[in-house]
């Protein structure tokens with residue numbers, strides 16, 4: 001009786017609720033509690049907790065993969081997405097060390113040549129990067145340095161071959177062999193770098209970007225070809 005009077009009073013006070021029936025089993029949508037152990041421990045893993053050995057091995061594998069991409073150049077964004085400067089630094093130092101000790105104007109052991117090669121490579125890469133950015137390229141500064149530095153690898157291999165050839169003598173046959181090797185590696189470096197950087201440049205300005213790259217690797221190739229040990 002009281003319930004009937006209450007429902008009647010409720011209908012009088014709130015006429016809009018008179019026809020609403022409430023079920024006792026209405027499900028609640030969504031979750032209001034956070035289950036324990038809902039994510040794996042790997043999601044909270046950080047490189048700060050990673051052993052130094054694993055970090056070094058992972059970085060070495062990443063550098064090795066970039067070397068493979070340069071050896072088999074094709075249009076790929078791997079060098080651009082995961083850029084680093086460890087590989088270019090190693091190649092630059094290796095090339096400068098192999099060019100050191102050649103005949104120079106000074107009578108010392110050719111020490112200044114190391115600094116010359118180091119500055120030429122990095123300064124040339126910076127100039128090409130700035131030229132690309134001014135022409136409207138979408139590539140970042142360090143991504144361009146990464147690609148240009150890694151693509152020095154064929155010329156570094158050419159320098160190693162030339163040093164081995166020069167051990168047998170510095171005659172005409174030796175010069176022809178070195179010319180062929182350096183020419184092939186020069187073309188390899190130029191094609192590899194343009195393959196990685198082509199998509200990041202405006203279509204009507206690609207020639208203006210490729211020309212400085214051509215000069216950059218040509219200067220390095222000329223230094224390798226004209227190298228003569230003391």
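Glycine residues also receive a Cβ, built from the backbone N, Cα and C atoms like all the rest.
According to TrEMBL:
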{"type": "DOMAIN", "residues": "71-223", "note": "domain 'Yip1'"}
{"type": "TRANSMEM", "residues": "83-102", "note": "transmembrane segment"}
{"type": "TRANSMEM", "residues": "114-135", "note": "transmembrane segment"}
{"type": "TRANSMEM", "residues": "147-169", "note": "transmembrane segment"}
{"type": "TRANSMEM", "residues": "175-197", "note": "transmembrane segment"}
{"type": "TRANSMEM", "residues": "209-228", "note": "transmembrane segment"}
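Listed as Cβ neighbours of the transmembrane segment (147-169) (distance under 8 Å, sequence separation of 6 or more from its ends, same chain) are residues 66-67, 69-71, 79-80, 83, 85, 87-89, 91-92, 94-95, 98-99, 121, 124-125, 128-129, 139, 177-178, 181-182, 184-186, 188-189, 192-193, 196-197, 213, 216-217, 220-221, 224-225, 227-229. Within its own chain, the transmembrane segment (114-135) is flanked in space by residues 88, 92-93, 95-97, 99-100, 141, 144-145, 148-149, 152, 197, 200-202, 205, 208-209, 212-213, 216, 219-220, 223, which lie at least six positions past its ends and keep a Cβ under 8 Å from the stretch.
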